[in-house]
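Copied over from Swiss-Prot, here are the features:
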- LYS46, GLY53, ARG54, GLY55, GLU108, ALA111, GLU116: ATP binding site (BINDING)
- ASN208, ASP222: Mg(2+) binding site (BINDING)
- ASN273, GLY330, ILE331, MET332: substrate binding site (BINDING)
- 9-253: domain 'ATP-grasp' (DOMAIN)
Amino acid sequence: MNIHEYQAKSLLKKYGVAVPRGGVAYTLEEARAVAKELGGPVWVVKSQIHAGGRGAGRFKDDPNGKGGVRVVKSIDDVVASTDAMLGKVLVTKQTGPEGKEVKRIYVEEGADIKRELYLSMLLDRATSRITIVASTEGGMEIEEVAHTSPEKIVKVAIDPVQGLQGYHARKVAFALGLEGKQVGACTKFLLGMYKAFTDLDMSLVEVNPLVVTGSGEVLALDAKVNFDDNALYRHHEIEELRDESEEEASETEATRHGLNYVKLDGNIGCMVNGAGLAMATMDIIKLYGGEPANFLDVGGGATKERVTTAFKLILSDPHVEGILVNIFGGIMRCDVIADGVVAAAREVSLHVPLVVRLEGTNVDLGKKILAESGLPILSADNLADAAEKIVKAVKEAA
């Protein structure tokens, strides 16, 4: 689960992480009030959407204008910048060409920036540990730094038994070239960041840039936080921060029904049980010249109703021109899948090619249900056969 920058900063601040003062605004009047309270003389007006690259982004109605993060020097300019952002669609590298509508603004006090650094904590699969990633190249995408200047990145893996210690934090501070009281400030910053990460079951916290001010303060000028969805049941206060308007409506609906769904840009819908099999299914669709329209894992204990819901989710995408159902019945029974597919196809008046590959528990019964349904369903014997058939059927129907 993702949250907005202002929400991330509010959470981190509770753990002693230093952030600039600021306030969220939904209207021009609220933006003016926040700016007056902060006092100036410099303010930063930031669009709040679930995507990075806001500063370099452009608004659809003003592609040659300024981006979604603006530094201003008067309260009137705060209001004018807010007016130029609210209700407008911001396009960044991460939003895709469709962009995201800006529905709230974060007005923040300006900072006397002397250095920009990068700092994050994440779960490192290679070490199975929480790992600090830091770099002197702040303000840039860390992937770009890793590609062009990998020597400028330092990583520190944290032993889960020991936890983050002061010497870990000082090692990072020294690697970033911090001196004097900056080292102590960075140490406090990191210890608070780690406590927030572990207490709130985060999967990522990224501060880019982490800045050193003229007075030696170490501040989070931006903050991005992701949470482990599987741990949200322990954090109802975090769930309340969810902004469903920033998420795909179909993905939100899928979550409500216990489905794992991610919308993609292709035209062949996929319904599979198991994340690994789902990824393999998408790969083989591409191998045969098609493009998957989604990732959809119905799980191992799906009911007929859940399968029907999954089918409707796929068909809710207007770009879907064909569907491939690929089920290996271990825990899942093939006859349950078949019942769900038939029920959904009848309910939505199926109008696109459908290929079903079943294998495993009750496979013969499942195939019988499909064959006797009277629906134009193509049966496949294996995964390659299924992918080849759906790609061919979609091309012929075009």
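Just so you know, the numbers here start at 1 and follow the chain as drawn.
Quick reminder: no glycine exception, Cβ is built from N, Cα and C everywhere.
Restricting the average to the domain 'ATP-grasp' (9-253) gives a pLDDT of 93. Each residue contributes its Cα atom, and for LYS46 (ATP binding site) and MET332 (substrate binding site) these two points are 47 Å apart.
Here the CA atom of ASP222 (Mg(2+) binding site) lies 11 Å from the CA atom of GLY55 (ATP binding site). The binding-site residues close to GLU116 (ATP binding site), defined as a CA atom within 10 A of its CA, are ASN208 out of ASN208, GLY330, ILE331.
The Cβ of GLU116 has fewer other Cβ atoms within 10 Å than any other of the binding-site residues GLU108, GLU116, ASP222. Take the Cα of ALA111 (ATP binding site) and measure to each of the binding-site residues ASN208, ASP222, ASN273, GLY330, ILE331: the nearest one is ASP222. Each of the binding-site residues ALA111, ILE331 was scored by other CB atoms within 10 A of its CB, and the lowest score goes to ILE331.
The Cβ of GLY330 has fewer other Cβ atoms within 10 Å than any other of the binding-site residues GLY53, GLY55, GLY330. Taking the C-alpha positions, the distance from MET332 (substrate binding site) to GLY53 (ATP binding site) comes to 42 Å.
The C-beta environment of ASN208 (Mg(2+) binding site), restricted to residues of the same chain at least 6 apart in sequence and closer than 8 Å, consists of TYR118, LEU119, SER120, GLY138, GLY139, MET140, ILE142, ASP222, LYS224. The substrate site in the record is lined by ASN273, GLY330, ILE331, MET332, and its two most distant CA atoms lie 10 Å apart.
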